[in-house]
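S.K.: Dumping the structure here so I can ask a few things about it.
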Amino acid sequence: MKISRHAYADTYGPTTGDRVRLADTDLWIKVERDLTTYGDEVKFGGGKVIRDGMGQSQLSRDQVMDLVITNALIVDHWGIIKADVGIKDGRIAAIGKAGNPDTQPNVDINIGAATEVIAGEGKILTAGGIDSHVHFICPQLVEEALTSGVTTLIGGGTGPATGTNATTCTPGSWNIGRMLQAADAFPINMGFLGKGNASLPQSLEEQVRAGVLGLKLHEDWGTTPAAIDNCLSVAERFDVQVTIHTDTLNESGFVEDTIAAFKDRTIHTYHTEGAGGGHAPDIIKACGEANVLPSSTNPTTPFTANTIDEHLDMLMVCHHLDPSIPEDVAFAESRIRRETISAEDALHDMGALSMHGSDSQAMGRVGEVILRTWQSASVMKRDRGTLPEDKGDHDNFRIKRYIAKYTINPAITHGIAHEIGSIEVGKLADLVLWKPAFFGVKPSLVLKGGVIVTAPMGDPNASIPTPQPVHYRPMFGSFGGSRTASCVSFVSQAGLDEGIGEKLGLQKRLVAVKNIRGLRKSDLIHNNALPRIEVDPQNYQVRADGQLLWFEPSKVLPMAQRYFLF
């Protein structure tokens, strides 16, 4: 029996060689492989395959999956493939062909009476996003992040304190303890950064032992060469990451002095970008260093006609500046440069900027990490054309490059890639399911540890799930013991050794970060380019390996108003 490609895609989703458009962007994915078996696909529903004695076996719970996502189109850094995904005990247990081994060939994902099913036909499955630049200013940001497809938050803060409004630091063991206790209340993974601005090690060591997963150096606390050196020295001893927001005013040195203070040690440079802060005007040079793991944040990506206008007021509020003081205004204006903002998009597209975060409520938007990543990718395809690695009628390599920026690369950078960051066997089942037309904008389901935590849902009093008003609502995975069982808090190994879980009465599983020190940019996936960056000190023009990086700001974007009319 033969079936047309169109009819097959309507029934089981796209297969090898089919192309799928991402939302209303100019980006197209092409299915590289199909791990299901033609004629023996599994599908749930009345008159469908997953029934007793057909696609469902007689095997007991220990031999079958707890959950199977059928016929999903996986989009990850390692490939774009069609497959069934099996989940057991909250982890990804298999990627391949699901069904009943007694009646079907090539089955490596067993379905039984103990198995739940999510229909992935015609949908895209991605790993949950990781936002590695979060100001924990208000708890409500968790819901915004989850409903955008982000399942892990890394950053610092204690609420709407003046220090937190500006810096991603949770300072001191007492504050760290309170935030770890608060993390138990949320259906999302969290990890906290301590304050790294000190010239002697004791106060930093205390914070690492209190359970932070890393330390943050921020110019508002004084990012001097001495503080940088001391902080990195502590991090080397404890195998934690250091994130840095460098010295905009160049008071304690220039970008070359800061890079020298790194002493070739691994560091995650926040705001390696156009307007987010750090050495003016040339912090962007840091993305050409082999020991620097660079990221940028979403207020400047993609560069649009409105970007410059909104930035001055945002900056004045976030960094506690006074518009009546000329020096404060000059400080703010020195950070906002059209030329470096435009170059930021291009450096992302080249793979020179490796990660993308939000800078939540501190100039960035926590619910737009994924959205703006794909907007930027589409704009860069329009402005720079198809990448050399993409041959033919698809954008697979560009898509792998951009998805790595908010999944696997922040996971590698912060020592949590053994748990999350990709759709791979053994990792937590932190997964997001999308309709292609809404990809990157509005997820269909968000799973944490194999449990649905949020989804669009209609009127709870309706006779079916779909009647209006349909909006995101917390699901069962967001409540009670399920919440703490399906999520983790990432901490230092030193914190685990100190017994912080018992001391603080924490309910979430604590996972130690590891394998951080000694990382190089070459360890990051699809985003490890090391161009020679030059910034003209007079006109701020940016060149990478001699090529001018300038593109006009966009006036129209994909994934914008048509998706948010209601």
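Cβ atoms are placed via backbone N, Cα and C, with glycine included.
Reproduced below are the annotations present in Swiss-Prot:
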type	residues	note
ACT_SITE	His319	active site, proton donor
BINDING	His133, His135, Lys216, Asp359	Ni(2+) 1 binding site
BINDING	Lys216, His245, His271	Ni(2+) 2 binding site
BINDING	His218	substrate binding site
DOMAIN	128-566	domain 'Urease'
MOD_RES	Lys216	N6-carboxylysine
S.K.: Write down the Cα-Cα distance for His135 (Ni(2+) 1 binding site) and His218 (substrate binding site), rounded and given in Å.
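M.R.: About 12 Å separates the two Cα atoms.
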S.K.: Rounded to the nearest angstrom, how far is the Cα of the residue listed as 'active site, proton donor' from the Cα of His271 (Ni(2+) 2 binding site)?
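M.R.: Rounded to the nearest whole number, the Cα-Cα distance is 14 Å.
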S.K.: Long-range neighbours only, meaning 6 or more apart in sequence with Cβ under 8 Å: which ones does Lys216 (Ni(2+) 1 binding site) have?
M.R.: Gly156, Thr167, Thr168, Cys169, Leu193, Gly194, Lys195, Gly196, Val242, Thr243, Ile244, His245
S.K.: Just the number: how many Å between the Cα atoms of Asp359 (Ni(2+) 1 binding site) and His319 (active site, proton donor)?
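M.R.: Each residue's Cα considered, Asp359 (Ni(2+) 1 binding site) and His319 (active site, proton donor) end up 13 Å apart.
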S.K.: I need the least crowded one of these recorded positions (His135, His218, His319), counting other C-beta atoms within 10 angstroms of each C-beta.
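M.R.: His319, out of the recorded positions His135, His218, His319, has the fewest neighbouring Cβ atoms within 10 Å.
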S.K.: At a 10 Å cut-off from the C-beta of Asp359 (Ni(2+) 1 binding site), count the other C-beta atoms across all protein chains.
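M.R.: Asp359 (Ni(2+) 1 binding site) is surrounded by 30 other Cβ atoms within 10 Å.
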S.K.: I'd like the number of other C-beta atoms within 10 A of the C-beta of His245 (Ni(2+) 2 binding site), please.
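M.R.: Within a 10 Å radius of the Cβ of His245 (Ni(2+) 2 binding site) lie 25 other Cβ atoms.
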S.K.: Where His135 (Ni(2+) 1 binding site) and His319 (active site, proton donor) are concerned, what is their Cα separation in Å, rounded?
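M.R.: It is 13 Å, counting Cα to Cα.
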S.K.: Give me the long-range Cβ neighbours of His133 (Ni(2+) 1 binding site): same chain, 6+ apart, Cβ under 8 Å, in sequence order.
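M.R.: Non-local contacts for His133 (Ni(2+) 1 binding site): Ile154, Gly155, Thr168, Thr243, Tyr270, Ser295, Thr297, Gly357, Ser358, Asp359, Ser360, Gly364.
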S.K.: Check Asp359 (Ni(2+) 1 binding site) against DSSP and tell me helix, strand or coil, would you?
M.R.: coil
